[in-house]
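Beneath this line is the structure, given in structure tokens, with notes to follow.
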Amino acid sequence: MNENHPSDGTVDVDAAVVDTADDIAEMRIRGAATIADAAAEALAIQAERSDADSPAAFQRQLRTAAKTLYETRPTAVSLPNALRYVLRGMEGETVADLRETTTARAEEFRTDLEQAQVTLGEIGANRLRDGDVVMTHCHSTDALSCIEAALEDGKEIEAIVKETRPRKQGHITARQLREWGVPVTLVVDNAARRYLDEADHVLVGADSIAADGSVINKIGTSGLAVNARERGVPVMVAAQTIKLHPDTMTGQTVEIEMRAEEEVLPPEERADIVADAPNDDGLSVENPAFDVTPPRHVDAIVTERGQFPPESIVTLMRELFGETTGEPWEV
Ligand SMILES: O=C(COP(=O)(O)O)[C@H](O)[C@H](O)COP(=O)(O)O
């Protein structure tokens, strides 16, 4: 349902947009590429269902929808990049034209996203040899695309899958790999260093890549990369160019999402620790969802445009995001 209340200046967005925003915030939709795809789809639905009676009202609704989606999770830049891309295609003098250009642009974004992942996978697969063992962290569709392409090339790949506390996205990775017939060894995060001796590659995805080549990904990636460097295991980051964070070219830092205590310490477990003082505020829990891996611990960033040493990624970033950025709804 769309409603416009010009009198008090508020603009309601379609229920589907609110649902998608909730799903992203609650991580029923998660992972940077999947979030970007869902956000573009939600904008298309908003455009299709809009009841706006003027071009200005239509544009207001779309911008409000973009803001609603943007305010869900702060770290994956694929989300604002997707919103900005779709809104930049919103052109026309009539509501019908605006609707058509916006939905077409969203469709184009989603098709390109899918194709970029396939292309990236083919490029990344070239780094994997027959018989290699890959250690993964979290669940990344870009990283899995490299393994899928290697399997399609007829290579045998094995995986050591880190569980990835607290949300255990490693289980999603393990499920996908088993569907493809890949032998999987699941380990707790703390066992990663021990099992690096058996790995030929560390393969992870990214939520954002900064201009200096730093990789922002699931918490635990940086420790894994440091250990991998110490053990001589190359670290490969699979990240479509939608993960490049243009604002970092002007020195902005990437916000690291802090999530709820309950993900780490459910109330009943908290009660076990502070049973005698349920309101004890001397026990606090920190739950950062992501961390930053410096470029010196990354061997290659694999994108659909080729693979890059992290220090050179800024060249690609300038080429793709040369113009100023601004908030996604201020295009
Ligand atoms: O860190 C995560 C997901 O974190 P969360 O589970 O908190 O969203 C993934 O490694 C990247 O988003 C890349 O995923 P993809 O390659 O699918 O974009």
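One-based numbering along the chain as shown.
From the backbone N, Cα and C atoms, a Cβ is placed for every residue, glycine too.
Those TrEMBL annotations? Automatic predictions, nothing curated.
What TrEMBL lists as substrate binding site is ARG30, GLY31, ALA32, ALA33, ARG73, ASN217, LYS218, LYS243. In sequence order, ALA32, ALA76, VAL77, SER78, ASP142, GLY205, ALA206, ASP207, SER208, ILE209 make up the list of same-chain residues 6 or more apart from LYS243 (substrate binding site) whose Cβ falls under 8 Å from its Cβ. DSSP gives LYS243 (substrate binding site) a helix state.
A sphere of 10 angstroms centred on the C-beta of CYS138 (active site, proton acceptor) encloses 27 other C-beta atoms. Here TrEMBL flags CYS138 as active site, proton acceptor.
TrEMBL lists ASP207 with the feature active site, proton donor. DSSP assigns ASP207 (active site, proton donor) to coil in the three-state reduction, outside any helix or strand.
Here the Cα atom of ARG73 (substrate binding site) is found 17 Å from that of CYS138 (active site, proton acceptor). Sorted by the number of other CB atoms within 10 A, the recorded positions GLY31, ALA32, ASP207, LYS218 start with GLY31, the lowest.
Other Cβ atoms within 10 Å of the Cβ of ASN217 (substrate binding site) number 30 in total over all chains. Distance noted between the C-alpha atoms of ARG30 (substrate binding site) and CYS138 (active site, proton acceptor) is 11 Å. Of the chain residues outside the substrate site list ARG30, GLY31, ALA32, ALA33, ARG73, ASN217, LYS218, LYS243, THR34, ILE35, THR75, ALA76, SER78, CYS138, SER140, GLY205, ALA206, ASP207 have their Cβ within 8 Å of the site's Cβ mean position. Put simply, LYS218 is the one of the binding-site residues ALA33, ASN217, LYS218 whose Cα lies nearest to the Cα of CYS138 (active site, proton acceptor).
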